[in-house]
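The following features are taken from Swiss-Prot:
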type     : residues    : note
DISULFID : Cys5-Cys54  : disulfide bond
DOMAIN   : 5-56        : domain 'BPTI/Kunitz inhibitor'
DISULFID : Cys14-Cys37 : disulfide bond
DISULFID : Cys29-Cys50 : disulfide bond
Amino acid sequence: RPYACELTVAAGPCLRFSAFYYSKGANQCYPFNYSGCGGNANRFSTNQKCRRTCVV
């Protein structure tokens, strides 16, 4: 799995929009409100992209 899949979710401090993050413990992707700035690479625009990248 890519490094992004190892990171915890980080929403960031600005305006929010929907995105998806990977939970390593659950081996699943979940929606969250991303702020549009800050955060980390564990952020995907769709559930499908998240699952395709990270879910084993």
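Just so it is clear, glycine is given a Cβ too, placed from its N, Cα and C backbone atoms.
Here the features listed in Swiss-Prot are placed on the structure.
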residue	record	Cβ neighbours (10 Å)
Cys5	disulfide bond	20
Cys14	disulfide bond	12
Cys29	disulfide bond	23
Cys37	disulfide bond	10
Cys50	disulfide bond	24
Cys54	disulfide bond	22
Cα-nearest neighbour of Cys54 (disulfide bond) within the listed disulfide-bonded residues, Cys14, Cys29, Cys37: Cys29
Rounded to the nearest Å - Cα separation of Cys50 (disulfide bond) and Cys5 (disulfide bond): 9
Candidate nearest Cys29 (disulfide bond) in space, where candidates are the disulfide-bonded residues Cys5, Cys14, Cys37 and distance is Cα-Cα: Cys5
DSSP-derived structure type at Cys29 (disulfide bond), helix or strand or else coil: strand
Local backbone state of Cys37 (disulfide bond), from DSSP in three classes: coil
